[in-house]
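Feature annotations, courtesy of Swiss-Prot:
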- 587-606: DNA-binding region (DNA_BIND)
- 180-197: compositional bias 'Acidic residues' (COMPBIAS)
- 178-209: region 'Disordered' (REGION)
- 392-462: region 'Sigma-70 factor domain-2' (REGION)
- 615-641: region 'Disordered' (REGION)
- 416-419: motif 'Interaction with polymerase core subunit RpoC' (MOTIF)
Amino acid sequence: MTNTDNNNLNKIDSLLKKAKSKKGSVTYNDINRALPDGTSVEEIDKVMFRFSEAEVDILDTNEDDAIKIDDMEMEEGFKISTNIDHEPEDETEEENIGTTDDPVRLYLKDMGGVDLLTRENEVEIAKRIEEGRKTLIAALCRSPIAMDKFRKWYADLVNENNMLLRDLIDLESNMMHDDETSESEDDHNSDHEEEEQDHDHDHEENILSMSKVETQILPNIIERMKKIAFICEELLIETKKSFEKSAGPKILQNSKKYNDNLELLISEVSEIHFNSKRTEEILSEMYRINRDLINKETAFLKLAEKYGITRQNFLDEYIGAVINAAWKEKMLKNKKAGWKELLTKESDYIDQMIAELSAIEINTGLLVNDFKKLVNAIQKSERQTLQAKKDMIEANLRLVISIAKKYANRGLQFLDLIQEGNIGLMKAVDKFEYRRGYKFSTYATWWIRQAITRAIADQARTIRIPVHMIETINKIIRTSRQMLNELGYEPTPAEIAARLSMPIDKVRKVMKIAKEPISLENPVGDGDDNSYLGDFIEDKNAVAPIDAAIQSNLREVTTRVLATLTPREERVLRMRFGIGMNTDHTLEEVGQQFKVTRERIRQIESKALRKLQHPIRSKKLNSFRSGGKRGDGNPSDLLEA
């Protein structure tokens, strides 16, 4: 166990003793302050269990304290987060908050109008969310469209190239479900061992645990999906038989086998937490068919109104009826105004509509009226679930504010921190398991922290650093500050590595990564010379002025010296040494240019070089001698030759 872990445990122990010695209670804010940022849900559960065993009540912060947010503190936080200096406000403006256009003030004002939830309220809302989910699953399982999707997903899951497990289910929810079912089998020894795990690799362990969970539960999910696919096959066969035996589709409400299979399907699907994309895939298909059906019925209603049929009369005869040839014959005998004329003059249109409605019934496996009732039930359950989630979220927005304020001045504006925290809060609502016996804020705190810290890691830095590396950087920085207070001097990487039980190379690497980038436009000095940091950085690719002058002078001198030779000799030397050209040439290449042998070119080159070695010519080039390679286009190559 590291010193950091011991420090965290000591904080919890001291908080527990303090609560026992006083009034036997502690607030959630006290626990949140004692827990480090990287605390996992399981560790929070263990801490809450310790307080529960010690019979210490865990209370919300004072409602007045939760609602009351000091104007000065909020103004300061807003200045910090937006980097905007506000002018002092008049007293009348401070008193009249209702007319302010400050988005933070308006947000806090609306947020303060929602009452805090008790434990009983949270359980009641969680049950509403759970009931809405159950209703949705039961409705989906009655649809042959969903049955076809279940079968397809099973086939894709077996073929790993088509679908991964994480694309089908919500791994986190399934992992939490497995933890809940196996929670009773855990003992205190295993809990103690888990508390002693090193937190240096929290994020990496989470990634590994997710992959490990995916591998572990894959056989179970495949087996369950196989069973679901088999049940769906049985239900679809019975539905098909119903079509064959009767002239049209019908609901098998009186079939015991059908109802038993349906109940079994609902039970199996309830055990699998499909991710939102898969559920949306089924719902979007059903809603598309429902919209198409509504458009057809609306067009039929408008046509009926043209023949003098009132809206109420149309609904009385249409709603609840099976629209087929028998209905058409029945309505021809209807003595109410307009019906006989409509069915006679628009006979082709009516026949086409009956055929289209029949196609929808075959596609959905349900009568049109039953399909519409099913869609209405699904939409109602969705509305109830969304309203319950909304109630839970709005009542816990104060928690987001209290956590977001701790992360000010880390690269994101205050409103952005609130927004990211709210996203984490919404995830917490989806994952909340009220049966574990703890308050919602326990789980929400972890999810909000995670959302905010990840947003800071992803968005605050100019150069993005992975989240797990950000966590390691923060851990090293905290340890470095702690050791500075203990030792009185900046700790070395070796001392930090020893304290964290981490390889020294990794500490050096992390400390190097932690350096912030600096803008080249940063002003340098306090004067008015407008100097910037970029002006003092050497350009390795730029030519120094002295070198440029030497090269220019060398070219001029070389040109004058070569001009003292014959044109042929000058041309041969330029081609052989690449002077004024992109590259040098071989004897064979020069010979081809002059249409002579390579031996003749060698003789001309030797004669020209002997002329250049004459003191009258050579003394002009001696001052330019360099160690450059032959053929790099440098005229001083002539002297080396």
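Using the three backbone atoms N, Cα and C, a Cβ is placed for every residue, glycine included.
Outside the motif 'Interaction with polymerase core subunit RpoC' (416-419) by six or more residues, the chain places 81, 107, 400-401, 404, 407-408, 452, 455, 459 with a CB less than 8 A from a CB of the stretch. Residue counts of the region 'Sigma-70 factor domain-2' (392-462) by helix, strand and coil are 56 helix, 0 strand, 15 coil (DSSP-based). Helix, strand and coil content of the DNA-binding region (587-606), in residues and according to DSSP, is 17 helix, 0 strand, 3 coil.
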